[in-house]
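Engineer: Have a look at this one before I ask anything.
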Ligand code: AMP
């Protein structure tokens with residue numbers, strides 16, 4: 001069974017071709033700058049193996065159809081390819097950012113589903129159109145191959161109203177569906193399932209806090225295999241401090257900035273999404289750069305790191321309280337998997353709530369492996385679990401197809 005996973009953004013398409021027989025990645029890549037004068041294609045044949053080859057090309061890519069056509073050529077090409085014909089692709093799994101309240105599971109795509117995804121565009125105006133372009137192009141280029149939509153919001157649809165409703169006028173919920181949705185659902189689900197595997201427990205009996213710290217950061221509280229709360233909200237701006245996003249701020253900030261800086265709502269939105277977070281505090285959004293700055297004595301970078309980690313601690317504490325009994329806290333994504341300092345600072349005051357880090361295991365943790373980093377006397381285990389959203393999308397695509 002070969003599954004092509006597509007993650008189509010507004011001007012990019014990320015792809016992976018997976019062989020699900022042995023869960024290996026046959027090819028992967030990224031088409032960028034779609035619609036700009038010079039597009040960029042980066043293609044990897046047999047990535048992360050000793051046969052890995054990388055192909056890079058610059059070419060104009062007018063639209064998603066041109067980009068995806070090039071991907072098909074690359075994965076079937078004599079020198080670049082891994083399959084001889086597109087007919088070897090059994091299904092396509094699409095990452096779709098927003099499923100609103102309409103989609104709580106991965107779904108086989110037909111006309112009604114496309115209409116359903118279009119209906120969520122007001123909730124994800126920057127993201128869902130890219131996903132739709134990917135679906136429409138895949139249907140045209142690979143006719144007869146089933147397409148499955150895997151929604152970033154779906155895993156969080158099990159939240160109860162007290163978790164997802166905001167304390168604002170009810171009509172705003174009923175008219176505009178303003179509520180907490182949460183994102184990164186595919187990653188949280190994958191990591192929670194791996195956590196169950198490490199604990200040798202059935203997933204439906206596993207409770208954990210998943211801490212996704214990448215460019216975007218979010219957390220989920222999972223009770224008996226179901227999400228009961230998550231830190232992102234109506235949009236991915238809420239919750240933890242991120243690379244360029246502020247996370248939680250006083251909701252009166254918009255009015256204050258509009259009054260005092262004469263800024264428009266759009267300008268404020270750009271500040272909070274693109275110029276805040278780590279970048280806003282110290283000028284850099286990559287955690288590796290922040291450590292370099294701290295080593296040079298940069299106090300802004302030091303404070304940005306402390307603010308980032310304090311927010312992680314606060315959310316873990318919140319979720320441990322909500323879960324009322326947790327098996328594990330699981331760190332994942334670029335920062336969560338690789339940054340032992342962030343994990344140490346984030347866990348520093350959690351011993352009172354039962355999660356004690358083994359600082360040696362934490363500092364020496366091997367890269368790219370799921371490992372335990374909690375002390376032997378820790379009631380709540382602490383794990384590092386590498387996320388794999390593409391594999392989870394491919395797995396869910398297979399499940400939908402039975
Ligand atoms: P992701 O969105 O999961 O790909 O994570 C990307 C982010 O992970 C980058 O912006 C970095 O801040 C962070 N990151 C990646 N590698 C490391 C590392 N070795 N140490 C600290 N942070 C890292």
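Numbering starts at 1 and runs along the chain as it is shown here.
Note: Cβ is positioned from N, Cα and C throughout, glycine not excepted.
Annotations for this protein, taken from TrEMBL, read as follows:
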{"type": "BINDING", "residues": "7, 389", "note": "Mg(2+) binding site"}
{"type": "BINDING", "residues": "14, 212, 213, 214, 215, 216, 286, 287, 288, 334, 335, 336, 337, 338", "note": "ATP binding site"}
{"type": "BINDING", "residues": "95", "note": "substrate binding site"}
{"type": "ACT_SITE", "residues": "152", "note": "active site, proton donor/acceptor"}
{"type": "SITE", "residues": "184", "note": "site 'Transition state stabilizer'"}
{"type": "SITE", "residues": "245", "note": "site 'Transition state stabilizer'"}
Engineer: Here's one to test understanding: among the recorded positions 14, 152, 288, whose C-alpha is closest in space to the C-alpha of residue 184 (site 'Transition state stabilizer')?
Structural biologist: 152
Engineer: Please classify the secondary structure at residue 288 (ATP binding site) using three-state DSSP.
Structural biologist: helix
Engineer: So among the recorded positions 152, 286, 337, who's got the most Cβ atoms within 10 Å?
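Structural biologist: Most Cβ neighbours within 10 Å: 152.
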Engineer: DSSP secondary structure for residue 335 (ATP binding site), reduced to helix/strand/coil, please.
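Structural biologist: Where residue 335 (ATP binding site) sits, the three-state DSSP reduction gives helix.
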Engineer: Under a threshold of 6 Å between Cβ and any atom of ligand 1, which of the recorded positions 184, 286, 288 are retained?
Structural biologist: 286, 288
Engineer: Using a 10 Å cut-off between Cα atoms, which of these recorded positions sit near the residue listed as 'active site, proton donor/acceptor': 7, 14, 95, 215, 245, 288?
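Structural biologist: Within 10 Å Cα-Cα: 95.
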Engineer: In which DSSP state, out of helix, strand and coil, do we find residue 7 (Mg(2+) binding site)?
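Structural biologist: Its secondary structure by DSSP: strand.
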Engineer: Widest Cα span across the ATP binders 14, 212, 213, 214, 215, 216, 286, 287, 288, 334, 335, 336, 337, 338, in Å?
Structural biologist: 24
Engineer: Hey, of the recorded positions listed (184, 288), which one tops the CB count within 10 A?
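Structural biologist: It comes out as 184.
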Engineer: Just to be sure I understand: of 215, 245, 288, 337, which recorded positions have a C-alpha no more than 10 angstroms from the C-alpha of residue 95 (substrate binding site)?
Structural biologist: none
